[in-house]
Amino acid sequence: MKGKFIVIEGIDGCGKTTQIDELSKWLPNSGLIKKGSKLITTREPGGSLLGKKLRGLILDNNKNNKPSSLAELLLYSADRAEHVSKIISPALNNNDWVISDRFSDSTLAYQGYGRNINLEIIKNIESIVCQGASPDLTFFLEISPEESIFRRKNEIPDRIESEGIRFLEKVNEGFKLIAKQKNWKVISASQNIQTISNQIKETLLNNFSNNK
C-alpha cells in the first residue's frame, strides 16, 4: 500500500466530522499529496454501499431490534471487511490518501472496553478483517464523557449514542489506553475548532513532508 491512511478517533461528539471537513479543504493544497493522487474521506460504519445498509442495522435505536454484543461486533466487522476491500485498499494502492472517521480501534474501544468482549478475540477478528490495512497515523480527539453528552443534548441519538455515561466512560478509558501505542496523536478536543485543526495539520506536516 503506497498511499497514506489517516484515522480520526474519539467518543461521539468529539468533533471528528468537523475536523475531517477541515482537512478535506486543506490537504489537496498542502503539498503533501503527490500529483495525480486523490484525497478520499470515508467513515465507519457506512463507508461502502453495503456498509450503509449495515450502518442502519447497527445504529437502529429500536429496542426490539437491539443485537447481542457479539452480533454487534460481527456487524461492525462485516462493515469493515467491505470497507477495506472496496474503498481503503484500492485507494491506498492507487497512491491516494484516505482519511477515515473511525477504524478498527473504535471496535476495541466500544466493543472491547465498552461491551467487555475479550480483546484478544477482537484482535483476532480484526487481523482477518483489516486485510493488512493499518493507519499511518491516528488522531484521538479527547473529550470527557460529560462534554460528549452536553454537546449532543439537542440531537436525536442513535443506539450507541443512547448508552449511558458509564458506557461512555469505559469506552473513553479504552481509547486512552489504546492511544499509548505509536503512530497516535492525542489532541484535546475541548479547544476551539481552529486550534485543533492547526494541531492536526502541524502533525501531518511533521510526519509526511519528506514523503512527497
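Quick reminder: no glycine exception, Cβ is built from N, Cα and C everywhere.
Values in this document were obtained by computation on a predicted structure and should not be read as measured data.
Taken from Swiss-Prot, the feature ATP binding site covers G10, I11, D12, G13, C14, G15, K16, T17.
Distribution of Swiss-Prot features across the structure.
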{"residue": "G10", "record": "ATP binding site", "Cβ within 10 Å": "26"}
{"residue": "I11", "record": "ATP binding site", "Cβ within 10 Å": "29"}
{"residue": "D12", "record": "ATP binding site", "Cβ within 10 Å": "20"}
{"residue": "G13", "record": "ATP binding site", "Cβ within 10 Å": "20"}
{"residue": "C14", "record": "ATP binding site", "Cβ within 10 Å": "27"}
{"residue": "G15", "record": "ATP binding site", "Cβ within 10 Å": "21"}
{"residue": "K16", "record": "ATP binding site", "Cβ within 10 Å": "22"}
{"residue": "T17", "record": "ATP binding site", "Cβ within 10 Å": "12"}
Secondary-structure category, per DSSP, in which G13 (ATP binding site) falls: coil
Residues close to ATP site centre defined by G10, I11, D12, G13, C14, G15, K16, T17, Cβ within 8 Å: L141, I143, S148, A189
